[in-house]
Amino acid sequence: MSWQQRIEQALAERRLNAAYRRRQTTEGGNGRQIRLGDRLYLNFSGNDYLGLSQDARVIAAWQQGARYGVGNGGSGHVTGFSAAHQALEEQLAAWLGYPRALLFISYAANQAVLAALMQKGDRILADRLSHASLLEAAGAVAGRRAPVPAQSTAGLARICLAKPCDGQRLAVTEGLFSMDGDGAPLAELHRLTRAAGAWLMVDDAHGIGVRGEQGRGSCWQQGVRPELLVATFGKAFGVSGAAVLCDEATAEYLLQFARHLIYSTAMPPAQACALQAALARIREGDDLRARLQDNIRRFRQGAAPLALTLTDSDTAIQPLLVGDNQRALDLATRLRECGLWVSAIRPPTVPPGGARLRLLLTAAHQSQDIDRLLEVLNDVSQ
(Lines of atoms letter the chains of each structure in order from A and count residues from 1; the text may use other names and numbers.)
(Lines give C-alpha, C1' and ligand atoms only; values in the text may rest on other atoms or scores of the structure.)
Protein backbone atom coordinates (compact mmCIF):
# COMPACT_ATOMS: atom_id res chain seq x y z
CA MET A 1 0.00 0.00 0.00
CA SER A 2 1.41 3.39 -1.00
CA TRP A 3 1.44 6.51 1.20
CA GLN A 4 -1.41 7.99 -0.80
CA GLN A 5 -3.49 4.81 -0.57
CA ARG A 6 -2.96 4.60 3.18
CA ILE A 7 -4.06 8.20 3.65
CA GLU A 8 -7.10 7.89 1.39
CA GLN A 9 -8.17 4.64 3.09
CA ALA A 10 -8.03 6.24 6.53
CA LEU A 11 -10.11 9.19 5.32
CA ALA A 12 -12.64 6.89 3.67
CA GLU A 13 -13.06 4.93 6.91
CA ARG A 14 -13.73 8.13 8.84
CA ARG A 15 -16.39 9.18 6.32
CA LEU A 16 -17.98 5.72 6.34
CA ASN A 17 -18.29 5.77 10.13
CA ALA A 18 -19.71 9.32 10.25
CA ALA A 19 -16.59 10.31 12.19
CA TYR A 20 -15.09 12.78 9.70
CA ARG A 21 -14.11 16.10 11.30
CA ARG A 22 -14.49 19.46 9.58
CA ARG A 23 -13.38 22.90 10.67
CA GLN A 24 -15.73 25.87 10.55
CA THR A 25 -14.55 29.42 9.91
CA THR A 26 -15.85 31.82 12.56
CA GLU A 27 -15.77 35.59 12.66
CA GLY A 28 -15.78 38.16 15.45
CA GLY A 29 -14.57 36.09 18.39
CA ASN A 30 -15.82 33.08 20.27
CA GLY A 31 -17.95 34.26 23.16
CA ARG A 32 -21.59 33.85 24.14
CA GLN A 33 -22.43 34.15 20.46
CA ILE A 34 -20.52 32.95 17.44
CA ARG A 35 -20.78 34.17 13.85
CA LEU A 36 -20.37 31.92 10.83
CA GLY A 37 -20.90 33.64 7.52
CA ASP A 38 -23.90 35.92 7.82
CA ARG A 39 -25.52 34.04 10.71
CA LEU A 40 -25.19 34.51 14.46
CA TYR A 41 -25.53 31.49 16.78
CA LEU A 42 -25.75 31.01 20.52
CA ASN A 43 -22.49 29.26 21.32
CA PHE A 44 -22.73 26.09 23.42
CA SER A 45 -19.47 24.55 22.21
CA GLY A 46 -16.77 26.78 23.69
CA ASN A 47 -14.63 26.11 26.80
CA ASP A 48 -14.52 29.79 27.77
CA TYR A 49 -16.27 29.00 31.06
CA LEU A 50 -15.98 32.45 32.64
CA GLY A 51 -16.19 34.50 29.45
CA LEU A 52 -12.66 35.87 29.88
CA SER A 53 -11.70 35.57 26.22
CA GLN A 54 -13.90 38.63 25.67
CA ASP A 55 -13.06 40.40 28.96
CA ALA A 56 -11.99 44.01 28.42
CA ARG A 57 -9.21 43.85 31.03
CA VAL A 58 -7.70 40.71 29.58
CA ILE A 59 -7.81 42.15 26.07
CA ALA A 60 -6.25 45.43 27.27
CA ALA A 61 -3.45 43.53 29.03
CA TRP A 62 -2.62 41.69 25.80
CA GLN A 63 -2.57 44.98 23.90
CA GLN A 64 -0.30 46.57 26.49
CA GLY A 65 1.99 43.55 26.22
CA ALA A 66 2.64 44.54 22.61
CA ARG A 67 5.54 46.59 23.98
CA TYR A 68 7.47 43.30 23.93
CA GLY A 69 6.67 42.77 20.25
CA VAL A 70 4.60 39.95 18.81
CA GLY A 71 6.94 37.04 19.57
CA ASN A 72 10.03 35.89 21.43
CA GLY A 73 12.28 34.67 18.69
CA GLY A 74 13.49 31.82 20.85
CA SER A 75 13.09 29.29 23.60
CA GLY A 76 12.91 30.40 27.19
CA HIS A 77 16.38 28.90 27.54
CA VAL A 78 17.76 31.40 25.02
CA THR A 79 15.99 34.78 24.80
CA GLY A 80 12.33 33.88 25.31
CA PHE A 81 11.88 34.19 29.08
CA SER A 82 10.68 37.73 29.77
CA ALA A 83 9.72 39.57 32.93
CA ALA A 84 6.09 38.89 31.96
CA HIS A 85 6.72 35.13 31.90
CA GLN A 86 8.54 35.23 35.22
CA ALA A 87 5.78 37.24 36.89
CA LEU A 88 3.11 34.84 35.63
CA GLU A 89 4.99 31.78 36.88
CA GLU A 90 5.48 33.34 40.30
CA GLN A 91 1.83 34.40 40.58
CA LEU A 92 0.58 30.93 39.58
CA ALA A 93 2.86 29.18 42.08
CA ALA A 94 1.77 31.46 44.93
CA TRP A 95 -1.92 31.12 44.02
CA LEU A 96 -1.90 27.32 43.84
CA GLY A 97 0.49 26.75 46.74
CA TYR A 98 3.48 25.23 44.94
CA PRO A 99 7.15 26.22 45.05
CA ARG A 100 7.38 26.50 41.26
CA ALA A 101 5.36 26.86 38.07
CA LEU A 102 6.70 26.34 34.54
CA LEU A 103 4.92 27.66 31.45
CA PHE A 104 4.25 25.43 28.45
CA ILE A 105 2.29 25.31 25.23
CA SER A 106 -1.01 23.59 26.14
CA TYR A 107 -0.78 20.12 24.57
CA ALA A 108 2.96 19.92 25.21
CA ALA A 109 2.75 20.23 29.00
CA ASN A 110 1.57 16.67 29.62
CA GLN A 111 3.79 15.30 26.88
CA ALA A 112 6.86 17.06 28.23
CA VAL A 113 6.43 15.89 31.81
CA LEU A 114 5.92 12.23 30.94
CA ALA A 115 8.69 12.16 28.34
CA ALA A 116 11.16 13.77 30.75
CA LEU A 117 10.30 11.78 33.87
CA MET A 118 9.58 8.24 32.71
CA GLN A 119 12.39 5.75 32.20
CA LYS A 120 12.65 2.06 31.35
CA GLY A 121 11.18 0.00 34.17
CA ASP A 122 8.81 2.75 35.30
CA ARG A 123 5.03 2.35 35.14
CA ILE A 124 2.38 4.91 34.17
CA LEU A 125 -1.07 4.30 35.63
CA ALA A 126 -3.23 6.14 33.12
CA ASP A 127 -6.94 6.78 33.57
CA ARG A 128 -8.75 5.63 30.42
CA LEU A 129 -10.72 8.88 30.19
CA SER A 130 -7.68 11.14 30.42
CA HIS A 131 -6.96 13.71 27.73
CA ALA A 132 -5.36 12.60 24.47
CA SER A 133 -2.13 14.43 25.36
CA LEU A 134 -1.74 12.24 28.46
CA LEU A 135 -2.70 8.96 26.80
CA GLU A 136 -0.56 9.58 23.74
CA ALA A 137 2.46 10.46 25.85
CA ALA A 138 1.86 7.50 28.16
CA GLY A 139 1.99 5.18 25.17
CA ALA A 140 5.12 6.72 23.70
CA VAL A 141 7.51 7.09 26.63
CA ALA A 142 9.93 4.53 28.04
CA GLY A 143 7.78 3.51 31.00
CA ARG A 144 5.15 0.80 30.72
CA ARG A 145 1.56 1.99 30.58
CA ALA A 146 -1.11 0.31 32.72
CA PRO A 147 -4.64 1.52 31.82
CA VAL A 148 -6.98 2.08 34.76
CA PRO A 149 -10.80 2.22 34.42
CA ALA A 150 -12.13 5.73 34.91
CA GLN A 151 -12.39 6.74 38.57
CA SER A 152 -11.51 3.17 39.63
CA THR A 153 -9.70 3.47 42.94
CA ALA A 154 -9.92 -0.30 43.30
CA GLY A 155 -8.25 -0.76 39.92
CA LEU A 156 -5.54 1.71 40.81
CA ALA A 157 -4.93 0.04 44.15
CA ARG A 158 -4.64 -3.38 42.52
CA ILE A 159 -2.11 -2.20 39.94
CA CYS A 160 -0.28 0.26 42.15
CA LEU A 161 0.05 -1.80 45.31
CA ALA A 162 -0.07 -5.43 44.16
CA LYS A 163 1.94 -5.54 40.93
CA PRO A 164 5.71 -5.27 41.31
CA CYS A 165 7.54 -2.50 39.47
CA ASP A 166 11.28 -2.21 38.99
CA GLY A 167 11.19 1.57 38.68
CA GLN A 168 8.96 4.45 39.70
CA ARG A 169 5.18 4.68 39.35
CA LEU A 170 3.19 7.70 38.21
CA ALA A 171 -0.62 7.83 38.20
CA VAL A 172 -2.13 10.35 35.77
CA THR A 173 -5.72 11.54 35.65
CA GLU A 174 -7.89 14.60 35.08
CA GLY A 175 -9.56 16.73 37.71
CA LEU A 176 -12.69 16.90 35.56
CA PHE A 177 -13.19 14.56 32.63
CA SER A 178 -13.74 16.61 29.51
CA MET A 179 -16.23 14.31 27.78
CA ASP A 180 -18.37 13.18 30.74
CA GLY A 181 -18.23 16.25 32.98
CA ASP A 182 -17.62 14.30 36.18
CA GLY A 183 -14.62 14.40 38.48
CA ALA A 184 -11.98 11.96 39.67
CA PRO A 185 -11.83 10.95 43.37
CA LEU A 186 -8.56 12.79 43.81
CA ALA A 187 -8.26 12.48 47.59
CA GLU A 188 -8.59 8.70 47.45
CA LEU A 189 -6.26 8.42 44.46
CA HIS A 190 -3.61 10.46 46.23
CA ARG A 191 -3.95 8.37 49.39
CA LEU A 192 -3.30 5.23 47.33
CA THR A 193 -0.34 6.63 45.42
CA ARG A 194 1.33 7.95 48.56
CA ALA A 195 0.88 4.59 50.28
CA ALA A 196 2.65 2.94 47.36
CA GLY A 197 5.42 5.53 47.09
CA ALA A 198 4.07 6.63 43.71
CA TRP A 199 3.37 10.14 42.41
CA LEU A 200 0.07 11.57 41.24
CA MET A 201 -0.22 13.91 38.24
CA VAL A 202 -3.51 15.75 37.71
CA ASP A 203 -4.45 17.63 34.55
CA ASP A 204 -7.08 20.06 35.84
CA ALA A 205 -7.83 21.77 32.54
CA HIS A 206 -11.58 21.96 33.20
CA GLY A 207 -11.44 22.61 36.94
CA ILE A 208 -8.93 25.44 37.22
CA GLY A 209 -10.73 28.76 37.43
CA VAL A 210 -14.19 27.36 38.16
CA ARG A 211 -13.82 25.06 41.18
CA GLY A 212 -12.47 25.60 44.67
CA GLU A 213 -11.68 28.76 46.61
CA GLN A 214 -10.69 31.59 44.23
CA GLY A 215 -11.09 29.10 41.40
CA ARG A 216 -8.00 27.17 42.46
CA GLY A 217 -9.43 24.02 40.93
CA SER A 218 -10.47 20.44 41.60
CA CYS A 219 -7.43 19.50 43.68
CA TRP A 220 -7.87 22.46 46.00
CA GLN A 221 -11.58 21.70 46.29
CA GLN A 222 -10.80 18.15 47.44
CA GLY A 223 -7.94 19.16 49.73
CA VAL A 224 -5.29 17.48 47.59
CA ARG A 225 -1.88 18.70 46.46
CA PRO A 226 -0.60 16.20 43.88
CA GLU A 227 3.10 16.05 43.16
CA LEU A 228 2.40 17.36 39.65
CA LEU A 229 -0.49 19.66 38.74
CA VAL A 230 -1.14 20.83 35.19
CA ALA A 231 -3.18 24.02 34.85
CA THR A 232 -4.22 24.94 31.32
CA PHE A 233 -5.24 28.37 30.10
CA GLY A 234 -7.55 27.58 27.18
CA LYS A 235 -10.68 27.09 29.28
CA ALA A 236 -11.55 29.32 32.26
CA PHE A 237 -8.57 31.61 31.58
CA GLY A 238 -9.93 32.30 28.10
CA VAL A 239 -6.50 32.34 26.45
CA SER A 240 -4.18 29.35 25.74
CA GLY A 241 -1.09 27.67 27.11
CA ALA A 242 -0.45 25.69 30.28
CA ALA A 243 1.66 25.52 33.42
CA VAL A 244 3.10 22.63 35.40
CA LEU A 245 3.10 23.14 39.18
CA CYS A 246 5.66 21.14 41.15
CA ASP A 247 8.46 21.29 43.71
CA GLU A 248 11.74 23.12 43.21
CA ALA A 249 13.84 20.10 42.25
CA THR A 250 11.28 18.79 39.74
CA ALA A 251 11.03 22.21 38.11
CA GLU A 252 14.80 22.35 37.68
CA TYR A 253 14.79 18.79 36.34
CA LEU A 254 12.16 19.70 33.74
CA LEU A 255 14.13 22.78 32.74
CA GLN A 256 17.10 20.51 32.05
CA PHE A 257 15.38 17.51 30.45
CA ALA A 258 11.92 18.49 29.10
CA ARG A 259 12.65 18.69 25.38
CA HIS A 260 9.22 20.13 24.57
CA LEU A 261 10.16 23.11 26.73
CA ILE A 262 13.80 23.45 25.75
CA TYR A 263 13.28 23.27 21.99
CA SER A 264 10.05 25.27 21.59
CA THR A 265 9.65 29.00 21.16
CA ALA A 266 8.08 30.33 24.35
CA MET A 267 4.59 31.84 24.35
CA PRO A 268 4.53 35.53 23.35
CA PRO A 269 5.10 37.89 26.31
CA ALA A 270 1.83 39.66 25.48
CA GLN A 271 0.06 36.36 26.08
CA ALA A 272 1.71 36.12 29.51
CA CYS A 273 0.45 39.65 30.24
CA ALA A 274 -3.08 38.66 29.27
CA LEU A 275 -2.85 35.56 31.46
CA GLN A 276 -1.85 37.67 34.45
CA ALA A 277 -4.96 39.78 33.94
CA ALA A 278 -7.09 36.64 33.56
CA LEU A 279 -5.62 35.22 36.77
CA ALA A 280 -6.44 38.42 38.65
CA ARG A 281 -10.04 38.26 37.41
CA ILE A 282 -10.31 34.57 38.32
CA ARG A 283 -9.06 35.18 41.86
CA GLU A 284 -11.76 37.80 42.44
CA GLY A 285 -14.29 36.04 40.22
CA ASP A 286 -16.80 34.62 42.70
CA ASP A 287 -19.48 36.52 40.78
CA LEU A 288 -18.56 34.73 37.55
CA ARG A 289 -18.45 31.33 39.21
CA ALA A 290 -21.82 31.97 40.86
CA ARG A 291 -23.31 32.97 37.51
CA LEU A 292 -21.94 29.81 35.92
CA GLN A 293 -23.42 27.66 38.69
CA ASP A 294 -26.77 29.41 38.28
CA ASN A 295 -26.74 28.55 34.58
CA ILE A 296 -25.84 24.92 35.32
CA ARG A 297 -28.68 24.62 37.83
CA ARG A 298 -31.13 26.26 35.45
CA PHE A 299 -30.18 23.84 32.71
CA ARG A 300 -30.31 20.73 34.92
CA GLN A 301 -33.66 21.66 36.44
CA GLY A 302 -35.13 22.47 33.03
CA ALA A 303 -33.79 19.28 31.47
CA ALA A 304 -35.05 16.96 34.23
CA PRO A 305 -38.59 16.49 32.82
CA LEU A 306 -37.40 16.22 29.22
CA ALA A 307 -36.67 13.00 27.33
CA LEU A 308 -32.92 13.61 27.36
CA THR A 309 -30.15 11.18 28.32
CA LEU A 310 -27.64 13.32 30.20
CA THR A 311 -24.68 12.23 32.28
CA ASP A 312 -24.81 12.95 36.01
CA SER A 313 -22.74 16.13 35.75
CA ASP A 314 -22.95 19.22 37.93
CA THR A 315 -20.29 21.03 35.91
CA ALA A 316 -20.24 23.27 32.84
CA ILE A 317 -19.82 20.13 30.71
CA GLN A 318 -23.27 18.66 30.03
CA PRO A 319 -23.05 15.67 27.65
CA LEU A 320 -26.25 14.60 25.89
CA LEU A 321 -25.71 10.92 25.11
CA VAL A 322 -26.87 9.80 21.67
CA GLY A 323 -24.92 6.64 20.81
CA ASP A 324 -25.05 6.62 17.01
CA ASN A 325 -22.58 8.82 15.15
CA GLN A 326 -24.93 9.87 12.37
CA ARG A 327 -27.75 10.65 14.78
CA ALA A 328 -25.42 12.88 16.77
CA LEU A 329 -24.49 14.74 13.59
CA ASP A 330 -28.13 15.06 12.58
CA LEU A 331 -29.09 16.47 15.99
CA ALA A 332 -26.24 18.98 15.87
CA THR A 333 -27.43 20.08 12.42
CA ARG A 334 -30.99 20.55 13.66
CA LEU A 335 -29.78 22.63 16.59
CA ARG A 336 -27.77 24.83 14.25
CA GLU A 337 -30.81 25.31 12.07
CA CYS A 338 -32.44 26.74 15.21
CA GLY A 339 -29.53 29.10 15.88
CA LEU A 340 -27.63 27.02 18.46
CA TRP A 341 -24.01 26.04 17.87
CA VAL A 342 -23.45 22.62 19.45
CA SER A 343 -20.77 20.09 18.52
CA ALA A 344 -21.27 16.37 17.96
CA ILE A 345 -18.53 14.35 19.67
CA ARG A 346 -17.84 10.95 18.13
CA PRO A 347 -15.26 8.15 18.34
CA PRO A 348 -12.32 8.07 18.64
CA THR A 349 -12.71 11.04 21.00
CA VAL A 350 -15.25 8.95 22.94
CA PRO A 351 -15.63 5.13 23.01
CA PRO A 352 -17.52 3.36 20.20
CA GLY A 353 -21.25 3.79 20.70
CA GLY A 354 -20.64 6.83 22.88
CA ALA A 355 -21.45 9.63 20.41
CA ARG A 356 -22.94 12.66 22.10
CA LEU A 357 -23.70 16.33 21.93
CA ARG A 358 -21.31 18.09 24.29
CA LEU A 359 -23.17 21.06 25.70
CA LEU A 360 -20.88 23.62 27.31
CA LEU A 361 -22.34 26.27 29.61
CA THR A 362 -20.55 29.48 30.58
CA ALA A 363 -20.93 32.47 32.85
CA ALA A 364 -21.48 34.58 29.74
CA HIS A 365 -24.75 32.83 28.90
CA GLN A 366 -27.93 34.61 29.90
CA SER A 367 -31.02 32.98 31.38
CA GLN A 368 -32.89 33.27 28.09
CA ASP A 369 -30.02 31.46 26.34
CA ILE A 370 -30.41 28.46 28.63
CA ASP A 371 -34.18 28.52 28.17
CA ARG A 372 -33.79 28.63 24.40
CA LEU A 373 -31.41 25.66 24.51
CA LEU A 374 -33.91 23.66 26.56
CA GLU A 375 -36.76 24.59 24.24
CA VAL A 376 -34.91 23.45 21.14
CA LEU A 377 -33.61 20.27 22.79
CA ASN A 378 -37.17 19.38 23.75
CA ASP A 379 -38.35 19.93 20.17
CA VAL A 380 -35.60 17.91 18.48
CA SER A 381 -35.81 15.03 20.97
CA GLN A 382 -39.48 14.31 20.21
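For all residues, glycine too, the Cβ spot is worked out from N, Cα and C.
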For the pyridoxal 5'-phosphate site that Swiss-Prot assigns to Ser178, His206, which of Thr232, Thr250 is also named?
Thr232
In Å, rounded, how far does the Cα of Thr349 (substrate binding site) sit from the Cα of Lys235 (N6-(pyridoxal phosphate)lysine)?
18
For Arg21 (substrate binding site), what is the tally of other C-beta atoms lying within 10 angstroms of its C-beta?
9
Lys235 (N6-(pyridoxal phosphate)lysine) versus Ser178 (pyridoxal 5'-phosphate binding site) - Cα distance in angstrom:
11
The record names Ser178, His206, Thr232 as the residues that bind pyridoxal 5'-phosphate; what is their largest Cα to Cα distance in Å?
13
Determine, to the nearest whole angstrom, how far the Cα atom of His206 (pyridoxal 5'-phosphate binding site) is from the Cα atom of Lys235 (N6-(pyridoxal phosphate)lysine).
7
Tell me the coarse DSSP state (helix, strand, coil) of Thr232 (pyridoxal 5'-phosphate binding site).
strand
